[in-house]
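For reference, the structure discussed in these notes is given below.
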Amino acid sequence: MGEINRRNFLKVSILGAAAAAVASASAVKGMVSPLVADAADIVAPITETSEFPYKVDAKYQRYNSLKNFFEKTFDPEANKTPIKFHYDDVSKITGKKDTGKDLPTLNAERLGIKGRPATHTETSILFHTQHLGAMLTQRHNETGWTGLDEALNAGAWAVEFDYSGFNATGGGPGSVIPLYPINPMTNEIANEPVMVPGLYNWDNIDVESVRQQGQQWKFESKEEASKIVKKATRLLGADLVGIAPYDERWTYSTWGRKIYKPCKMPNGRTKYLPWDLPKMLSGGGVEVFGHAKFEPDWEKYAGFKPKSVIVFVLEEDYEAIRTSPSVISSATVGKSYSNMAEVAYKIAVFLRKLGYYAAPCGNDTGISVPMAVQAGLGEAGRNGLLITQKFGPRHRIAKVYTDLELAPDKPRKFGVREFCRLCKKCADACPAQAISHEKDPKVLQPEDCEVAENPYTEKWHLDSNRCGSFWAYNGSPCSNCVAVCSWNKVETWNHDVARVATQIPLLQDAARKFDEWFGYNGPVNPDERLESGYVQNMVKDFWNNPESIKQ
């Protein structure tokens, strides 16, 4: 069959399948599966580009990491005025009820504050205090927020909180953690901790020793080096890996580290924290301690100038994400954050033993999504997350900077942006209405941005103050925008359907409907997800199914 005829045949096949879907979703699934992979490759082929695929205006300036929602929390100035949303009432834009506009007042009431909304700092610290288990959530003991669920969440986040340096919030350089020394002669643990490097450790002292001994490993080519490094990265725990060239545009303009001070805990121990937890729990209000700020000087803090960035992705559990916004969905996010640090540390040690400098990073040091796009791992979606072909947005990103020159991968396009233009499901599912409903992304201007956004790049607007306000109200991270995403599937044929639908005019309006016809995602409306019992049923399924659903 000629290529044109084959293309037409497949288009007709998909159109017929779509029409039949209304009558019989299960039958269509059987019809479509054998066809969609070929159809997607012909109608919507995956392409590579040598240039960064999104517009970056000449006015673009590097992002200050201390402006992001969670790092801004620890700026005392953010505790002086009420938290501000970019749009006070998004119902004027969406035509739907604004389910997020009252969150600042509700969060203030949760803190015992009357007569005003919560500040930015109060909002975020309310979230952190509940998330760390120091304060019960308002849903405590409901299905998905029980002591069992919360214990799983604590275990999942433990490495990130205790050994990574709490770098999930951003910052840099590297990480520091408080540890309690032990007397090896008496086995007594000290009451006072000391600050030491965490897993995101930039100590490259071993590299010079390897080089001085003439033991630096020499690769035959950049291509061979990339192949070996990718293989090692997968073995050490990554699910996906790509190589990006070092691009200074994505390095934060300011690095920062939260200032920790000693806080006396009820058990008599001193705990170092970036906010005064005992004062808050006793009703004395919220107090934070600010930042230590650093110029982004690679040679000073890491001993080298990066040439390449190893960017890797860790999958989050499909069944756990389906329970969003429950604590179970937070647990798989926490597991990935904990694993990010472990895997990044192991990659860094591997490189150092070969005689190359390395700086392992999580959300700190630089913006992960554009680096992952450059590394060919996916596209940037409406929800601001990286959409991969295999996991959709259901993953976390980490990276390791190195002076080893590697052959970079190329950005790939497989239909995500075209699909996001049509779908808007994540925007509809957001309890805070933080995600733009505009059809097309655009190069954002300063007036389009809330304080945590960086203007002059092409994307959809996101309001992190709205998002963070719901996290505080919920007492746990929310992953609704991930859970309902049509790319969040363990069967990749659905992704092929999405790619095809964006390219055929008659199917475009139905693009987001395919997975709904096939029974995926549950309710999109955030209130209905809870009120219908869907989230509660997904939590029960999670605990009752001993084997995880894997890709």
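From the backbone N, Cα and C atoms, a Cβ is placed for every residue, glycine too.
The signal peptide annotation in Swiss-Prot covers 1-39.
A Cβ distance under 8 Å defines the sequence-distant neighbours of the domain '4Fe-4S ferredoxin-type 1' (411-440), meaning residues of its chain 6+ beyond its ends; these are 40, 44, 46-49, 51-53, 90, 93-94, 98-101, 103, 325, 373-374, 376-384, 387, 389, 460-464, 466-467, 469-470, 474, 478, 480-481, 483-487, 495, 498-499, 501-503, 508-509, 511-512, 521, 524-527, 529. The annotation domain '4Fe-4S ferredoxin-type 1' is assigned in Swiss-Prot to 411-440.
In the three-state DSSP assignment, the secondary structure recorded for Cys423 ([4Fe-4S] cluster 1 binding site) is helix. Summarising the annotation, Swiss-Prot assigns [4Fe-4S] cluster 1 binding site to Cys420, Cys423, Cys426, Cys485.
Positions annotated as [4Fe-4S] cluster 2 binding site by Swiss-Prot: Cys430, Cys467, Cys478, Cys481. Within its own chain, Cys478 ([4Fe-4S] cluster 2 binding site) has Ser324, Pro325, Ser329, Pro431, Cys467, Phe470, Trp471 as residues 6 or more apart in sequence whose C-beta sits under 8 angstroms from its own.
If you look up Swiss-Prot, you'll see 478-496 marked as domain '4Fe-4S ferredoxin-type 2'.
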Original post:
Where Cys426 ([4Fe-4S] cluster 1 binding site) and Cys481 ([4Fe-4S] cluster 2 binding site) are concerned, what is their Cα separation in Å, rounded?
Top reply: 4
Original post:
List, in sequence order, the same-chain residues at least six positions removed whose CB sits under 8 Å from that of Cys430 ([4Fe-4S] cluster 2 binding site)?
Top reply: Gly100, Arg466, Cys467, Phe470, Asn480, Cys481, Pro526
**OP:** Would you count the other CB atoms within 10 A of the CB of Cys426 ([4Fe-4S] cluster 1 binding site), including those on all shown protein chains?
**Re:** 27
